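These notes concern the structure reproduced below.
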Amino acid sequence: MRPRSTSRALYELLSSMRFAISLLTVLGISSIIGTVIKQNEPYNNYLSQFGPFWFPVFEKLGLYSVYNSFWFLTILGFLVLSTSACIVRQTRPMLKDMRGFREHAREASLASFAHHARIPLLQPRTEAREALLAYLQRTGFAVRCDERDSSVLLAAKQGSLTRVGYFLAHGAIVLICVGGLLDGNLPLKLRMALGGKQVTSGNQLIADIGPESRLGLDNWSFRGNVFIPEGKSANTAVVNVQDGILLQDLPFTVSLRKFHLEHYESGMPKRFASDIVLTDPATGQSIEKTIEVNKPFEFAGVMMYQASFEDGGSRMRMLAHDLRPGHGTSAMPLEAAVGDSLKLASQGLDHSLELGSFRAFNIENMATDAPESEAGALTRLEKHLGSGARSPTRKDMQNVGPSIQFKLRDSAGQAREYQNFMQPILQDGAWYLLTGMRDSPSAPFRFMRIPMDGEGRPDSWFEIRSVLLDTSRHAELARRFTATALPASTAGAVRGRLEETTRRTLELFALGGFDGLGKFIESTIPAGERDKAADVFIKILEGCAWEAWNLARSAAGAPAPTPSPTHARLLRDTLNATNDSLHYGAPVYLQLTGFDEVRATVLQVTRSPGKPIVYLGSLLLVLGVFAMLYIRERRLFILLKDSGEALIALGSNRKSMDVDERFEQHRDAIAALLTPPARP
């Protein structure tokens, strides 16, 4: 026996079922990875999620874009070759088996069938054959006879089309894989590998992007996004590739006339749609169309979907409140559009403002924490060390109004991101302006709550805070608090000690907030007396805050505040917000006072030449599976012997419960045909 050649062995491996199943298994595992890991996200998101060690590993493996990775497309290509080779290899024997009746089967072979029986033949063979032919044709069998010397074999079959299901299913796999390859950007990957195309960063003007980062109209497959503000137009799409972008030229210009946005009562988006105008530059003809979610539109071979919506350059009006100690309560008016970057250089500031986004509606969890039992004054002080943010354990979703998101960048280039709400928000029975801060895009916002005064404004907080943190006024606050806290008959030494303690308390609070006071208590006061000391410090701060408010009101020519539970609550909230402001990380607070909203739509545009092929393959796969499952192939053999005996055998391609029943029906019917009727 000659050894097989290498090419023959490779062909048999490529066309084998185990090789195709192995490829399908790898594809299945890859699809699971592509489902678990969100695909085509900015690389910074993956770096934050997986860390500096695993990020480059997963990047090399192509896990951030599994379905467009080179190895995934290579597996698809091999699966096409393997399945095609399997079809070619099996076509000839399967067609031969479909056409054949096996009319030359031997008696010994028929007797080995699981379903066979011998019955007496009590009439002439010729008459029996004619009766059986009529019966088999009547029951849906195709029949062929084989005349022998002392017998005749009737070979019948039905359900041969089940083999067609094999071709349909395997052909469907080929079509689906070919469709995936057509939509897999293989030409683009080759051009990028050869240096023909290069990705570029997204933080530049479209007009400044060179031809090496642009894709022409001849690109047969792409998936990108088009950003269009109201009243504007675009003819290019942004395609995310790896850690950058490419620009895809579109065969038309799309303009946004109006963006529609409807909300539920809670503020959640209910419906958003885009009224667009599509213009063919070659003919100048225009088409008006409304695109909304789940209602795409195809034009010039490009399918457009309503993906999302964003701000299109809304104009913001703000007040920049100076938070630096000793700079008073001055507020500088600002105007800027979303996407602008402007310099804050007045009054010694050296920061730049980068206005990132604006949202007219915000759905937030407004649930409040369950009340906690008080364990002492020190516990009360430690409670002030945390942020004023609410607990996320309970949910009460509400629309809290407009907000802006921006970055403040210092002279060293370091930036923090902020989110400021325009409208006061009710929490725990009081109204606050919320402003959040975070150091990195992956971190959650930590919110500071600025209390509103009786007139619904944050002015009182700015005034009290300015006096409390101004070290030049600490001595005056200490004198006023001491005069209020102690009777006039108190000895001078006692009065002096309280005044010094008050001044020291204000100094510690101005430098480190509640955290600074807590460290001072832990380092200087015995453990058994810390609760009492913490209570004293809190009372001193509350008294000084009251005196600071009196000073601010007097300087503004306003009447002095009167003691009340509402004012006491305002002072406590003022101290909490002042403490949080020391960790705010910004020299100014930007209060949003008004806006002129401009909306923008985000349309996803795709050109998928493989989509109809995939649809056809899916249809053929369904038909093929149904053909293989529900069309049962059966072969019935009847051997009529001159010796007066008939052998019946039934074969099926699949063991099922009804095979026994079918065999018994055929056996009884044939036995009745082969038994002549009794003579009267």
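Backbone N, Cα and C define each Cβ position, glycine as well.
TrEMBL labels come from automatic prediction, so no person has curated them.
Worth saying up front: this structure is predicted, and the values here are computed from it rather than measured.
Summarising the annotation, TrEMBL assigns domain 'ResB-like' to 17-664.
For the transmembrane segment (20-37), the list of distant contacts is 58, 63-64, 66-67, 72, 75-76, 78-79, 82-83, 86: same-chain residues at least six beyond its ends, Cβ to Cβ under 8 Å. Annotated transmembrane segment per TrEMBL: 20-37 (among others), in sequence order.
According to TrEMBL, the feature transmembrane segment maps to 70-88 (among others).
For 164-182 (among others), the entry in TrEMBL reads transmembrane segment. Through the fold, the transmembrane segment (164-182) approaches residues 67, 73, 76-77, 79-80, 83-84, 86-87, 90-91, 94, 220-221, 608-614, 616-621, 623-629, 631 of its own chain, all at least 6 residues removed from its boundaries and within a Cβ separation under 8 Å.
Per TrEMBL, the feature transmembrane segment maps to 613-631 (among others).
Only residues 6 or more beyond the boundaries of the transmembrane segment (70-88), in the same chain, are considered here, and those with a CB under 8 A from a CB of the stretch are 11, 14-17, 19-20, 23-24, 26-27, 30, 62, 167, 170-171, 173-174, 177-178, 180-181, 184, 186, 189.
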